[in-house]
Amino acid sequence: LLLAVCAVGIGGTFQYGYNVSIINAPTQHIHKFLNETWSSRYHKELNPDLLTFIWSVIASIFSLGGLCGALIGGSMAIRLGRKGALLMNNVIAILASILMGISFPTGLFELLIAGRFLIGINSGIGFCVQPLYIGEFAPKHLRGGLAMGTSIFLTGGILTGQIIGLRELLGGEKYLPLLLSSSCVPALAQLLFLPWFPESPRYLLIDRGDELGCVKALKRFHGSSEYRREMEDIQRECFALDGEKPKKPWQLFTDRGVRWQLITIIVMTMGQQLSGINAIYFYATYVFEQAGILAEKIPYVTLGTGVCECLTALSCGLLIDHVGRRCLIIGGYVLMTLWCTVLTFSLTYQELYSWVPYMSMACVFAFILSFGLGPGGITNTLTAELFVQSSRPAAQMIAGTVSWVSFFTIGMLFPFIVNGLQQYCFVVFLLECFFVAAFIFLIIPETKNKSFLDIKKEFHKLNYGRNA
């Protein structure tokens, strides 16, 4: 089971985290490349405004690709299977790596834009299909911990990107083509290891009607002596669905039986992206400077934030099946509300006392720890748990779409929010964290150790009224 999670994660959410972080290190080198390319092509200097525009396209086209990937990921998972979709997804990653790698020697920055768009599609598909696959082969008593592989590999990708992007490694100008084409390494690793593992047992029995294949897959994943209990669960779900075909995303919006599950994943996914985690990373450099850390040392301190996220994702994976989903996610949002409040005060009175900048620095790390322990990991786990087989791929597509649209929106609006509100931007985020925590407390039942059918029954009264 653990090896399967690793084989799935390395080419899945690891790519997402890795490609989000590696673009930050070579910003100055890419600017130089754009200027030189423009000068040699048109024999005139590149206008600073146009340079900013091209750079913003290179940075933001990734999220547009992610949105496209989220929109097709569920359909690929239904047509090709969970494993088949992930294997096919690596072809996109390898093509993207080639385009980004050759853009510098050929002097074609358009290839860099195309490569960033394709690697965005790859990340969007991986972000959609990986939780589906893991959630479907995991036994219910370990489902939470194994599903946390999605977040562990995402944060691991961010941290790896931060390390690889250091100037001592591939962050130097001459290594830029290598840095941007390095996404092919995890893609090749998944193509090498994932074929050794079977397809999702639930997909084989419920979607394909292959009972023999399902039994073989369950024996591989759960062992010959432990697979029968899980087989009974899958057969019960198959019987309850009574041959129901996988639904399209728009069909979920008209299905009263999944109304509150759908509202829940939309609120949680938006809450995760708009929680202020992006603001924290934006302010981190300023906070570290105010604490007296030298500018050239800040990238190494920033690595600490990546380590924090990675460690909390691992901790969450160990705790989730013991403590439960509700406790961790509500606790995470409540703590984030607290740190937003403290950080607003400490940034306001930064100049008053010499110890205040260190308090701000502690808040940055505390916020990241709270995010990783709750919203950062549990959101994706719950999205895969709240739906039965026929609705799950469509729900993942909707969650992925909401996530990428929110990611793009906060990227566009965030500079204006910061410029307008300065440190008081955290008041907006603390209110958002508080309301999401209240929503989860009032609406979401505990899903620990419950089958997908049991979770569906928990939502039945909400969807059809108390007398249903």
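The backbone N, Cα and C atoms fix where each Cβ goes, and this holds for glycine too.
What TrEMBL lists as domain 'Major facilitator superfamily (MFS) profile' is 5-448. Per-residue confidence over the domain 'Major facilitator superfamily (MFS) profile' (5-448) averages 85 (mean pLDDT, predicted model).
The transmembrane segment annotation in TrEMBL covers 50-73 (among others).
Here TrEMBL flags 85-105 (among others) as transmembrane segment. Sequence-distant neighbours of the transmembrane segment (85-105) (same chain, 6+ residues past either end, Cβ-Cβ under 8 Å): 8, 11-12, 15, 33, 73, 76-77, 79, 111-112, 114-119, 121-122, 125-126, 129-130, 133, 176-178, 180-184, 186-188, 190-191, 194-195.
Cβ atoms under 8 Å from those of the transmembrane segment (111-134) belong to residues 4-5, 8-9, 11-13, 15-16, 19, 23, 30, 57-59, 61-74, 76-77, 82-83, 85-86, 89-90, 92-93, 95-100, 102-104, 146-147, 149-150, 180, 183, 187, 200, 380-381, 383-384, 392-393, 396-397, 399-400, 403-404 of the same chain, restricted to positions at least 6 beyond its ends. The transmembrane segment annotation in TrEMBL covers 111-134 (among others).
According to TrEMBL, the feature transmembrane segment maps to 146-166 (among others). Beyond its flanks by at least six residues, the transmembrane segment (146-166) meets 1-2, 5-6, 8-10, 12-22, 24-26, 127, 130-131, 134-135, 138, 179, 182, 299-300, 302-303, 306-307, 309-310, 312-314, 316-317, 320, 372, 376-377, 380-381, 384-385 of its own chain at Cβ-Cβ distances under 8 Å.
TrEMBL lists 178-197 (among others) with the feature transmembrane segment.
Annotation source TrEMBL lists transmembrane segment at 262-286 (among others).
The transmembrane segment annotation in TrEMBL covers 298-320 (among others). Residues of the same chain lying 6 or more positions beyond the ends of the transmembrane segment (298-320) and with a Cβ under 8 Å from any Cβ of it are 21, 25, 144-145, 147-149, 151-152, 154-156, 158-159, 162-163, 166, 281, 284-285, 288-289, 328, 364-365, 368-369, 371-374, 376-378, 381, 448.
Taken from TrEMBL, the feature transmembrane segment covers 327-349 (among others).
Proximity of distant same-chain residues to the transmembrane segment (355-373), defined by a Cβ-Cβ separation under 8 Å and at least 6 residues beyond the stretch ends, is recorded for 151, 155, 275-277, 280, 283-284, 287-288, 290-292, 304-305, 308-313, 315-316, 319, 328, 331-332, 335-336, 339-340, 342-343, 346-347, 349. What TrEMBL lists as transmembrane segment is 355-373 (among others).
What TrEMBL lists as transmembrane segment is 394-418 (among others). Long-range contacts of the transmembrane segment (394-418) within the same chain: residues 60, 63-64, 66-67, 69-71, 73-75, 77, 124, 127-129, 131-132, 246-249, 251-252, 258, 261-262, 265-266, 269-270, 272-274, 278-279, 282, 383-384, 386-387, 425, 428, each at least 6 residues beyond the stretch ends and with a Cβ under 8 Å from a Cβ of the stretch.
Sequence annotations record features per position, and here TrEMBL assigns transmembrane segment to 424-444 (among others).
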